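Note sheet for the following structure.
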Amino acid sequence: MYEKIKNNAADNKKILILFIILFIFNIAFYFNLFAYMVIIKEFDIAILHDLITIISAIIILGFISTRLPKLKEITDGSVYEIAYLIIMGLLSITISYFNKSTNGESLWAPFLEMFRMLSVVLILTYLATKSKSFRSIVKGEFTRKTILWQILICSVLGILASYFTMNVNGAPANARGLVVMIASLLGGPYLGIPVAIISGVWRYFLGGPTALACGVSTVLAGVIGSLVFIWNRGKFLRAYKVAILMFLFSGFDMFIVTVLTPKPDGILVANAVYAPMTFAAVLGMLLFTMFLGEKKEEAEINDELKQTIDDNTMKISDNTDIIDLNTDRIIEISQELKEYKEKVDRLEQEMKEMRNE
């Protein structure tokens, strides 16, 4: 027991170290991006001010709203409801001000378009989860046939993700890394590495200034996801951990783009697609995690139902055997009674004959 706890702690420490390494690469990416924006004088202090204002306002209003249930305990329901209406009104006014002062339509448009593209990828992923091999993976049954089928399915999804893209200021954004990371966290290195290599090589041969960077980051997504799978002992990460992983990997992905893509193209692409791709990666992984949880519960219910049926079948079989044994015994007893009756009849006949003599 102690050894198991010790091993789990060591594995969690490895995952934490991996997160720290990814965080360092994120800091390096932010520094490169900030330095470039300062050099070309595109850094708008007003936008930063508005962003800090809206974030602070949402945090403050959110903090106040979490304290409202206590207000309900000490006052009547009407005061509680009015307070909530005031909070919602202030939040709406703040968002409206932010939307107007920062030209919100152009700001939110890439995220909405990325969500549309993400929806297509998730629908295809959902259809893939209907396969028998996926259900086996969810239950931890890693056979050669199951792995080969999932490599084929996930590789097709990874390749399709390279085509389901959206343009953000002329730069392509996609969810290929999300597909590869899901495959790696779900099936480990036997599934994640082949899918990553196939998807990454395919992306490289599609060409473009970011071909090498995107191909390398796709392969690294498979490696990182596989390491997490091993260190987490084959279990899918919890929702908040997997969200942090995707957020950090998105920054790491953009760092690779800035390093392996000729300047200034790398910075321009990263600056354009970082926010929408991070949004899609984190949201997509959270949605898949919720869906996976439902699938696991469904599999557990089916297993319990199957086990119950098997147990009842076994009991029925045992009872049938007992009934058969009792039936045989009843037949034997009936035969013995019949023999005794015949003996009694013979004795009575003999006694009758003796009286007649």
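The count begins at 1 with the first shown residue.
Cβ coordinates are placed from backbone N, Cα and C, and glycine is handled just like the others.
Just so you know, TrEMBL annotations never went through curation; they're auto-generated.
What you are looking at is a predicted structure, and each value in this text was computed from that prediction instead of being measured.
According to TrEMBL, the protein has these features:
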TRANSMEM  15-39  transmembrane segment
TRANSMEM  46-66  transmembrane segment
TRANSMEM  78-98  transmembrane segment
TRANSMEM  107-127  transmembrane segment
TRANSMEM  147-166  transmembrane segment
TRANSMEM  178-204  transmembrane segment
TRANSMEM  210-230  transmembrane segment
TRANSMEM  242-261  transmembrane segment
TRANSMEM  273-292  transmembrane segment
COILED    323-357  coiled coil
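Residues 14-15, 18, 22, 158, 172, 176-177, 180-189, 192-193, 195-197, 199-201, 203-204, 237, 245, 249, 252-253, 256-257, 259-261, 265-266, 269 of the same chain lie 6+ residues outside the transmembrane segment (210-230) yet bring a C-beta within less than 8 angstroms of a C-beta in it. The list of residues near the transmembrane segment (242-261) in space but at least 6 beyond its ends in sequence, with Cβ under 8 angstroms from a Cβ of it, reads 19, 22-23, 25-26, 28-30, 32-33, 177-178, 181, 185, 209-210, 212-214, 216-217, 220-221, 224, 228, 236, 267, 269-270, 273-274, 277-278, 281-282, 284-286, 289. Taken as a whole, the coiled coil (323-357) shows an average pLDDT of 70 in this prediction.
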